[in-house]
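Worksheet: the structure to be examined is printed underneath.
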Amino acid sequence: MGRYVIRRLLQMIPVFIGSTFLIFFMVYALGDPVAAMFGDRAPDPATAARIRRDLYLDEPLWKQYLHYMGQIFQGNFGTAFNGQSVTELMASAFPVTLRLTLVAIAIEMVVGIVLGVLSGLRRGRDIDTTVLVLTLVVVSIPTFVSGYLLQLVFGVQWAWAAPSVAPEAPLNELLLPGLVLALVSLAYVTRLTRTSIAENARADYVRTALAKGLPRHRVITRHLLRNSLIPVVTFIGTDIGALMGGAIVTERIFNIHGVGYQLYQGILRQNSPTVVGFVTILVLVFLLANLLVDLLYAVLDPRIRYA
Amino acid sequence: MRRATCAKWGASAVAVALVTAGCGGGSGASRSGVVSASWGDPQNPLEPANTNEVQGGKVLEMLFRGLKRYNPKTGAAEDVIADRIATADSQNFTVTLKDGWTFSNGEKVTAKSFVDAWNYGALLTNKQKNASFFQYIDGFAQVHPDRGSPRAKTLSGLVVKDEKTFTVRLNQKFSSWPDTLGYSAFMPLPQSFFRDHDAWIAKPVGNGPYTVDSYEKGSVLRMRKWGNYPGDDPARNGGIDLRVYTDSNTAYTDLQAGNLDLVDDVPAAQLKNVKADLGGRYINQPAGIIQTLAFPMYDKRWGRPGAEKVRRGLSMAIDRDQITREIFQRTRTPATDWTSPVLGADGGYKAGLCGAACEFNPAKAKQLIKEGGGLPGGRITLAYNADTGSHKDWIDAICNSINKSLGEDQACVGDPIGTFADFRNKITARRMSGPFRAGWQMDYPLIQNFLQPLYYTNASSNDGKFSNASFDKLVNEANAETDAAKAVSTFQDAEKVLAAQMPAIPLWYQNGSGGYSDRISNVALNPFSVPVYNEIKVN
């Protein structure tokens, strides 16, 4: 187990280097950001040259990259154009997005698994058909449509929730955006759980457990669910990374100042330190979430071991 | 055993979720008497000489008062801290300050507060984006050379005489120079700015009607009324909370839900409903902004003699009236000169100066373009940046109008460029091959500001690289003219050169638009389309 974890952690190093280089290269390819800093006015060449030198933009790309990596290993992610350090931006943005993601994951897990179990156990009946149709509808609606729609209905017309989230992003204001963010994944979790449950419900061990006279709820929660959750856990694990990065649309609609907001601003202003720094952290989150999923397999199914 | 492990895993996961979720919260400052308004994240740190866009500019207008201020209604430059700005020759000025002005930290506003701030703004090593605003002051070339290191630390044209007086020597005659001093780059700075720059940036200290209460970069700037403000335009509300919105639609939704008091950018998609939603609480009034299509005069096909007929023809092929009505819901006004109605007739705005060239006339357009040798290569592309501002809609409409006028389907197509930065890069590198979107938001309400930076040979915002000897000569004459009315009419003569040459097609004047909640009243926009925050009353 320990060796497995170490091996997985070591594998992260080339992934980390490769992804940062790719992102660095792509942001660089967008062009020189200095001209845009001067708005509709032509940059005064002397000032622009000074700014370029300060930001290492006058060096060739590989030197910029090496300089950037050297700084990262000293814990310095560079400075955004508005004078704030990128670490400062991260410290304000990541907790907000993490909270939003956790709200979304919680909704997705609870609602998704419950609906999945219900419809999986009653395959072909009314409740199953209803859930299938509902999830199909949810999957086919893009996030920005459901976002603006729910914001208008719950935020403006019924006034049940604030249409935008305060800078402190308190938990109760994150429920609505969390739901919007969770919706699509929620449908997938429901469908995955349903299929998995329906398959395992006819397995021998379930029949044995029932024949032994175990209470039905115990068979479902202890035996059936535990075995059926492996594909669901895989999905949720990879979804953590996807949700954190994909929160751009939701964060924009609800004016949440998290990772999505910073990334959007960074791309709009071609601020490479911001974009590369944030994406690097997201890559790490993704890798760690995947590692956690793999380790969870062993917990769910003891036959899976990492010697 | 295994069951216990499982439960522990579950329990700790829930605990993590709760802790992370719970660590937010905390309510904002009390809202009584305070106006909340939408804001965009300023691009640069909030230093006077480093702020060149609207979002940072509106904060400086609340935190600072300079020698002059532009009247929020008329746009006229009026003395604030300046007691007198005297000159005998339009080149040497003596500035005398009024008594009784202090910064909110108690420090006195003296001649040194101005001279130090201007020297800081002009010095190349401070990398201030507004450094070029000090270019008319003698010695600018020494502190801000085009290449290499500065040869001096301070502008030789600035001399402190005593606590209340300083003199300015310009490197050319510029009679309306005092009227430029209301621009935010010319604001005074307290000594604390130079002593501890980082602390000042984190919480700016100025001499205006508001002080900074707290500033969370990227999300909210809370300003409160400064009780000891010495000026005669104190805040009529308890404070302003500027909240950063990434999407003007969300700000508008928040306004509708009663979560926000003021938006100063009504999203285009809502313009159709805004009157029904807000009634009399919708503002739509002219601002000092003009939109044009500029031609790359460095391109032989556009710069050759005779091409002015093609440029004038294209201008006549555009149905401005229809586009401003259909696409902009009358938040733009068809342009008939190269300035803005906010200048007023005395300030140099002259409706119809462009003449027939700005009137929609498809038949004449077709004929002129033919006489001028036709469109280069048979067709034109209109370049614009596609990332912000939904420019695609009106560019397509213009092309549509041109195509219909000329009776050719493919005479004009839009040419989207991915980002604003790339767009600006292509323009400054002179890589435009056809007309491109250009716009100008005035720095100060002077006709000079609409002409010289944009069309004077090698001027800072002359994106099309237009160069015309008689235009330059008229601008120089107008600048040296001490009689204001004479100066304005000379500037208008220069503008007539533009009407003949058409280096940029005037499209429309942009209005400022805003909306507010029934919690506040006395809301108006100034000629820069920025709300006059200190006049807002909370009901």
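Positions of Cβ are set from backbone N, Cα and C atoms, glycine also.
Caution: TrEMBL annotation is automatic and unverified by curators.
Taken from TrEMBL, the feature domain 'ABC transmembrane type-1' covers A:94-297.
Summarising the annotation, TrEMBL assigns transmembrane segment to A:12-31 (among others).
Annotated transmembrane segment per TrEMBL: A:96-118 (among others), in sequence order. Tertiary neighbourhood of the transmembrane segment (A:96-118): same-chain residues 127, 131, 169, 171, 174-175, 177-179, 181-182, 185-194, 196-197, 220, 225, 229, 232, 236, 239-240, 243-244, 247, 250-251, 256-260, selected by CB-CB distance under 8 Å and a gap of 6+ residues from either end.
The annotation transmembrane segment is assigned in TrEMBL to A:130-154 (among others).
The transmembrane segment feature in TrEMBL is assigned to A:174-192 (among others).
Taken from TrEMBL, the feature transmembrane segment covers A:228-254 (among others).
Residues annotated as transmembrane segment in TrEMBL: A:274-300 (among others). Long-range neighbours of the transmembrane segment (A:274-300) within the same chain, counting only residues 6 or more positions beyond its ends whose Cβ lies under 8 Å from a Cβ of the stretch, are 1, 5, 8-9, 12, 15-16, 19-20, 23-24, 27, 68, 72, 77-78, 80, 86-87, 89-90, 93-94, 226-227, 229-230, 233-234, 236-238, 240-242, 244-245, 259, 262-263, 265-267, 306.
The largest share of C-beta pairs under 8 angstroms with the transmembrane segment (A:174-192) comes from A:130-154, of the ranges A:12-31, A:130-154, A:228-254. A Cβ distance under 8 Å defines the sequence-distant neighbours of the transmembrane segment (A:12-31), meaning residues of its chain 6+ beyond its ends; these are 61, 64-65, 68-69, 72, 267, 270, 272, 275-276, 279-280, 283-284, 287.
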